[in-house]
Amino acid sequence: MAAATADPGAGNPQPGDSSGGGAGGGLPSPGEQELSRRLQRLYPAVNQQETPLPRSWSPKDKYNYIGLSQGNLRVHYKGHGKNHKDAASVRATHPIPAACGIYYFEVKIVSKGRDGYMGIGLSAQGVNMNRLPGWDKHSYGYHGDDGHSFCSSGTGQPYGPTFTTGDVIGCCVNLINGTCFYTKNGHSLGIAFTDLPANLYPTVGLQTPGEIVDANFGQQPFLFDIEDYMREWRAKVQGTVHCFPISARLGEWQAVLQNMVSSYLVHHGYCATATAFARMTETPIQEEQASIKNRQKIQKLVLEGRVGEAIETTQRFYPGLLEHNPNLLFMLKCRQFVEMVNGTDSEVRSLSSRSPKSQDSYPGSPSLSPRHGPSSSHMHNTGADSPSCSNGVASTKSKQNHSKYPAPSSSSSSSSSSSSSSPSSVNYSESNSTDSTKSQHHSSTSNQETSDSEMEMEAEHYPNGVLGSMSTRIVNGAYKHEDLQTDESSMDDRHPRRQLCGGNQAATERIILFGRELQALSEQLGREYGKNLAHTEMLQDAFSLLAYSDPWSCPVGQQLDPIQREPVCAALNSAILESQNLPKQPPLMLALGQASECLRLMARAGLGSCSFARVDDYLH
């Protein structure tokens, strides 16, 4: 970049400049925030982590006769300007992502300088910057002195009017049909180029002294109504999708769709709805109603935090399933430990009192309906082999590669509770024997549940499934620590400090004993299948809860959120289905995941129509 003294306007940033905020790791400036919002609105399909959008001119990708200022948005010429050999250009920081579908930027002519030999356009990486855009291969430009367009050639073609000081020239790239058109002062000038390649950079070139231009990559509203043009093309692309020819096999197509819907309902245990749908569409149900209801009952137990009962019920309905899926068993046991800390598992529920100091702050999962997004996360492995869940909490740590049934060696740092002597080995039936002591009223009410209402929980009085008193403790995943020295008499009686197991000594001892059994199970699995880092992390996370007097407000307290039960529930449900030779994921979700992945591949291949055919647009 040229020295500040050589740059007109240097030191006078304009509103929306990208250079001011965020320097030194600070917060983004209001201008940067507004730019981000506008770009997100214009190009919602672009993943800016993978393919950043152009936001300014590149100080590293320019000829040395070019000077930059005002957040690298202002370009001025500082060469001799004797002939075409003194031409100079600059490219934007990033190429235009194909996922934009339609991309637009504007350039304001601050001064035409001596002769107004200015070019605005596009160029590929590596094109000579000692030339105006359009003169070389993979370079395209609209020049102000004669109004000609230059398409990879030194010979221009008549295109539009000339432009000079005060004019605003826009450049629109249509990545759907590979064309480009320009605008002048908000009015379209028509198609200038066709058959454009992918990965082009916004480019401007200057040639004579005094020439100054300002770029607008979205920092300010555009003169041209680009959003109206985008709406037009969105309608065209979606019309193509809607008009896809299937009339020749309409009956077959309808049957496929009906089977997909039916299998989705069955997968998630909506027994009554699946039965009614099958009756209306004459679609066969691939699973017996009794089995669906059994899975429904098990899912309900997990989502209520009664994991020990869910394990026992699974062993009763599906003998051998957990014994042949040690990873799943270990995940369930870790989740059971978390729920014992939470006070919802019947192992401690019958021991601890339901006093105001009790830790049962989460009444149940706030939503039992599956959460779906348009991305390939539909295709994630929720089975027993998946290492991505830690106690049912989606891990943010680096992914590990594991064999089908690996397991960890014991970690001495997992918890003080695991340091005590434990059996040298423990078989699965023994490790599950602790689940047999359950409250009888739970099983009696479970037998009466026969419809989809089984899968509904009463969480209306608890926003997001959390008691109101929790809102002051957990905010956006940030846990506020309280001074443990505070005199309890000064605390608000309406919000007493919660204690592990409500302060019940017997329940606390039961948790510690269960932790030892869990440690022993981990060691046995480690001997049989080898070390498993995912298991080690599960133990460390779960046992860490015991290090805090108030686990719900500690840094690892998010494990206690009922929403973290859902990955465990999904893994168990998928394993049950797989054991019955049924798909572990419903075909509908696989189709959505495949569609999302296809759109990503289209973007990487430079097919811009992917931006206007988002899966989100078809999910209501």
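The backbone N, Cα and C atoms fix where each Cβ goes, glycine too.
The model shown is predicted, which means the values in this text are computed figures rather than measured ones.
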Can you tell me which of these residues Swiss-Prot lists as phosphoserine: Ser29, Ser369?
Ser369
Annotation phosphoserine per Swiss-Prot: which of the candidates Ser355, Ser365 has it?
Ser365
If you check Swiss-Prot, which of Ser361, Ser412, Ser421 turns up marked as phosphoserine?
Ser361
